[in-house]
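Novice: Below is one structure. I have some questions about it.
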Amino acid sequence: MKTERHVLASKPPRANAQQAAPTSAPAANVENKHSERKETVSPPAAEEKRQPVVPSSISSHIPATRIIPPVNPPVNNPTPPRPTPDRTEEEDNDYDSDDATTLGSLEFSLLYEQENHTLHCCIIKAKGLKPMDSNGLADPYVKLHLLPGASKSNKLRTKTLKNTLNPVWNETLIYYGITDDEMSRKTLRLSVSDEDKFGHNEFIGETRVALKKLTFNQKKNFNVCLERVIPVSDDSEERGRILVSLMYNSQQSRLIVGVVRCAHLAAMDSNGYSDPFVKVCLRPDMGKKAKNKTQIKKKTLNPEFNEEFSYEIKHAELAKKTLDISVWDYDMGKSNDFIGGCQLGIQAKGECLKHWYECLKNKDKKIECWHSTNMDVDPGALCNNH
């Protein structure tokens, strides 16, 4: 805009000279003198001082608007400053080139239903996965693993999608029997792998979510970049879960123990399943009547029993007793395989102690609770269950 104003300032004197020429020669001479003065004086401010001395006879023929100099006289044109680069855009570009993004991203949602003790894991889709096959594509699937925990009892997986780097599953996998205590200390590992037809699946990337970050009964969405984490070694802390009910019947002076169901048991047979049954024993000093066992359920890792056993005992004596619960895999003609177990009583800890205490405190009220079946329970001590 400053350059434009400089051009406008140089035009008015020329126009004034043309309009003043028809009047008379002296007037033209006067105007020419003024034009010469303007050419010799470089600062426009000097022109502003000399213009008022023009004779009134000449100025009367010149429009006032052409005599008035520009309000903002032109100055030397500096080089316009270069615009500063957008720092945010540069940072975004740096982020896009992050090496972690080459593995791809995974979108999923988690929902913990406290009343049902279920963890719903909806695997939505992955994007931009790393090519793993010779055709530049992959055959991806997602595997879920609750940490810490035994691999077979705590792992769930989606279906495999062929020849894609942007798979869309929209598949919901459910963990049953997840207690509030487990939600506070467990971590969910989500790993993406490429399925190989020769049986050697290749690890692509993973992400982990501490379950304590979830709000109960509220779905939370995730869209995260996969990370290069070395797959964890499997441990055997847990071998599944069992849902048990307890009620003390004050009228009959009986403890009623219900074996409802099991979930995510460890596979003990070569076919990938087990033939589970449950043994229940109240000790000590209860004799043969203290031992009970459920029916056998064939080829399943999630058996439903819905069986109850009762023990005649005074309420005051329960504080001295321990309830042993063990899960076994039936093998015909062989010794049965111990899957895992738990012990309820005043000597127990965590959910097992809480469940037993709630039963003693609330007579005639059935209380259900999920318990982990652990390998660290000595099967030989479970009322000689072997």
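The backbone N, Cα and C atoms fix where each Cβ goes, and this holds for glycine too.
Annotations in TrEMBL come from automatic prediction, not curation.
Feature table excerpt (TrEMBL):
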REGION    1-100  region 'Disordered'
COMPBIAS  15-29  compositional bias 'Low complexity'
COMPBIAS  31-51  compositional bias 'Basic and acidic residues'
COMPBIAS  52-69  compositional bias 'Low complexity'
COMPBIAS  70-83  compositional bias 'Pro residues'
COMPBIAS  88-99  compositional bias 'Acidic residues'
DOMAIN    102-224  domain 'C2'
DOMAIN    238-371  domain 'C2'
Novice: When DSSP states are grouped into helix, strand and coil, how many residues of the domain 'C2' (102-224) land in each?
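Specialist: The counts are 15 helix, 62 strand, 46 coil.
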Novice: Could you count the residues of the domain 'C2' (238-371) that DSSP puts in helix, in strand and in coil?
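Specialist: Residue counts in helix, strand and coil order: 21 helix, 64 strand, 49 coil.
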